[in-house]
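Worksheet: the structure to be examined is printed underneath.
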Amino acid sequence: MNAHEIKKLFPVLDQEVNGSPLVYLDSAATSQKPIAVIEALDDYYRRYNSNVHRGVHTLGTLATDGYEGAREKIRRFIHASSTEEIIFTRGTTTAINLVAASYGRANLGEGDEIVITPMEHHSNIIPWQQVAKATGATLTYLPLQKDGTIKIEDVEKTISEKTKIVAIMHVSNVLGTINPVKEIAEIAHRHGAIMLVDGAQSAPHMKIDVQELGCDFFAFSGHKMAGPTGIGVLYGKKAHLEKMEPVEFGGEMIDFVGLYDSTWKELPWKFEGGTPIIAGAIGLGAAIDFLEDIGLDEIEKHEHELAQYALDRLSELEGMTVYGPQKRAGLVTFNIEDVHPHDVATVLDADGIAVRAGHHCAQPLMKWLDVTATARASFYLYNTKEDIDALAKGLEKTKEYFGHVF
């Protein structure tokens, strides 16, 4: 793949910020959108904007075909066995909350355990905290190695017959750690537990086969994978979803409504109450077409090369601390000695370089790292080695500036 040519397909990247060419290194927060996705959204709103499912008119049929067609694209993209297993949500957060509120509250009780890790995004911690309080279950944390990885031996020791749910991110949004979720799922199932995978940072960057991974649930967002904001996906095994109750009620998800009772539609629609995110789903479908045309294997390889190049370039700079393992996904999180991450990001932004600074919705991990915040550069298919060179130059400038200040 040619990242320089791919970059030309993303209009927002063709601009100057503060007098310098934009270098966008914040795709772990949200990705930019290619022309193909922008045009798909524009086409929907210009040509066949309508509500879905019940309309017999032409626009309604076109909108329904686009919406349900996107569901099939997603099924194929993650290798689910049926579109009944693909639930549209507002994002990863909503998807995890759905599982916690529906499956969790129905299947957890006093003495049961939920196993997660200290590296989780808040969206995969807080829902389990809440359901644990409501049910009397206990949150148990897998220990991390010094480099922020999980040791399978520790998984074997931690998961027990008390464990009912294991919920782990596939890829850390801070460390870039790629967790062995397939092996963890096998251990969870051996003890009768189910496995949820937070795929927000993996689905955009690598091939996903939920059946190969063996997970019971898999959640991800459209906006991190070249799609629109406000659209996400929950994959769930049909056997689980059929037993789960909806957590949002209203139009679209009902089969029959009486004065005192109601019944629900079949899967997947019983979990999609209200007017659905039609444009978002169509845009996500276009994003999947775009990514598949390039090839997820090629994207993963490209990002791996960028991550290793970034590690090499940052290792040349004195006073830098880089967090996470050597083998990682396409991001680097770091601090400069005696310089606050927000100051780092501000100086970089003055030269048109966009990075993220803060706790990255991972405060327990920041405590584990013994820092309050970090700076993060994250890469996607449109980034190049020249972008990383610009980052390294900007970090050197930052060091020099604050060296003079202090």
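Glycine is no exception: its Cβ is also placed from the backbone N, Cα and C atoms.
Worth saying up front: this structure is predicted, and the values here are computed from it rather than measured.
Following the DSSP three-state reduction, the secondary structure of C361 (active site, cysteine persulfide intermediate) is coil. Taking the Cβ of C361 (active site, cysteine persulfide intermediate) as reference, residues of its chain lying under 8 Å away and at least six apart in sequence are, in sequence order, H121, H122, S123, N173. Annotated active site, cysteine persulfide intermediate per Swiss-Prot: C361, in sequence order, evidence recorded as similarity to another entry.
What Swiss-Prot lists as N6-(pyridoxal phosphate)lysine is K224, and the listing cites similarity to another entry. K224 (N6-(pyridoxal phosphate)lysine) falls outside any helix or strand according to DSSP and counts as coil. Counting only same-chain residues six or more apart in sequence, the Cβ atoms lying under 8 angstroms from the Cβ of K224 (N6-(pyridoxal phosphate)lysine) belong to S27, A28, T30, S31, A200, Q201, A203, P204.
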